[in-house]
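Residues annotated as domain 'ATP-grasp' in Swiss-Prot, with sequence analysis given as evidence: 9-244. Per Swiss-Prot, ATP binding site is recorded for Lys46, Gly53, Arg54, Gly55, Glu99, Ala102, Glu107, and the stated evidence type is sequence analysis. What Swiss-Prot records for Asn199, Asp213 is Mg(2+) binding site. According to Swiss-Prot, the feature substrate binding site maps to Asn264, Gly321, Ile322, Met323.
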Amino acid sequence: MKIHEYQAKELLRKYGVVTPRGFHTVSVDGAVKAAEELGGKIWVVKAQIHAGGRGKGGGVKLARSLDEVRQHASDILGMQLVTHQTGPEGQKVRNLLIEEGADIQKEYYVAALTDRATQKVAIMASSEGGMDIEEVAHSTPEKILKEFVDPLVGLTDAQAENLARGIGVPEASVAKAVDALKRLYTCYMETDASLAEINPLILEGNGNIKALDAKFNFDSNALYRHPEIVDFRDFDEEDADEIEASKFDLAYISLDGNIGCLVNGAGLAMATMDTIKLFGAEPANFLDVGGGATTEKVTEAFKIMLKNPKVKGILVNIFGGIMKCDTIATGVVAAAKEVNLSVPLVVRMKGTNEDLGKKILAESGLPIIAADTMAEAATKIVAAVK
């Protein structure tokens, strides 16, 4: 689960990380009122969407007067903000963060994330703050430093100091940078985050260290322990079909292709998508019905896939272990009839009650294309949609 920048900073402040003063608003008048309350001579008007690259897309503007605050807020609020992370369709801006200006002397990058290779927490830091960290990793990987933290020990002062000095924090501000890093780590651990990123972490002229921007992702499997974080969820920022799928315990992610995929098991689902690509087409979605699929779940899965106008065909790939093939077959037939399926449908099923499942499909009276292997299934659906 993702949250907005203003919510991420609220979390950081709770853990003692210093951030600029700012106010969240959803209106132009609210933006002006926020600037008046903040005082000063310079403000930042920031679009709040669940994507990076907002500045390059025109979603972050400096204002040197209240009139400019009003103008920028009016321009940004309601705009369809396109960044390298949103895709060409962009995301509508419904929220703003109005912040006081900052005396930026230097920008750094810091983040905490799980490193599966070492089974530890990786604390990353770079002197190249304010940039897309993927670009830094590609062009100058030597500028990214890492410390691997044993969760049973925690981030030590020595590790934090190594990072702070390694990215060039002035000696007079090292202690403050160490404090920020340790607080970020604590926040990451205690909230069950999968990513806690500050980009940039800035050095001000007075030597203070502040989090100028922040991004958090949370492990959805741990949200039951954090109702206060669940309250941050903004459904307007999420894909409507993914929200609908979650109501039926379907793992669904929309993609850009034209072949809908209905599979049981995440690994098989990814292998199915890979096979479709191997045979020259693109999957329209990832959809895992899980091991307890019912006729209702399969029907809803079909409805969700077919909401996408790009879907020109559907591939069902089932391995009957916990999930019995006849159950899936019954669901597929019922779903196809209920939605008046008009696109090609290829079904490949193996495992428990396989023969019964194939019999149900064959006797359904529907133009279902059967396949025995993944390669055959992919070949047939790719040919059918061309």
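Cβ atoms here come from the backbone N, Cα and C positions, even for glycine.
Quantities reported herein were computed from a predicted structural model and do not represent experimental measurements.
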Whole-number answer please: how many Å between the C-alpha atoms of Lys46 (ATP binding site) and Asp213 (Mg(2+) binding site)?
10
Model confidence over the domain 'ATP-grasp' (9-244) (mean pLDDT, whole number):
94
Let me know the DSSP-derived helix, strand or coil state of Glu107 (ATP binding site), please.
strand
Counting distance between Cα atoms, which of the binding-site residues Gly53, Gly55, Ala102 is nearest Gly321 (substrate binding site)?
Gly53
Asp213 (Mg(2+) binding site) and Arg54 (ATP binding site), distance between Cα atoms, whole Å:
11
What is the interatomic distance between the Cα atoms of Met323 (substrate binding site) and Ala102 (ATP binding site), given in whole Å?
57
With Asn199 (Mg(2+) binding site) as the reference Cα, tell me which of the binding-site residues Gly53, Glu99, Glu107, Asn264 is the closest one.
Glu107
Could you tell me which three-state DSSP class Glu99 (ATP binding site) falls into?
strand
Sort the binding-site residues Gly53, Glu99, Asp213 by C-alpha distance from Asn264 (substrate binding site) and give me just the closest.
Gly53
How many Å lie between the Cα of Glu99 (ATP binding site) and the Cα of Asp213 (Mg(2+) binding site)?
11
Give the three-state DSSP assignment (helix, strand or coil) for Lys46 (ATP binding site).
strand
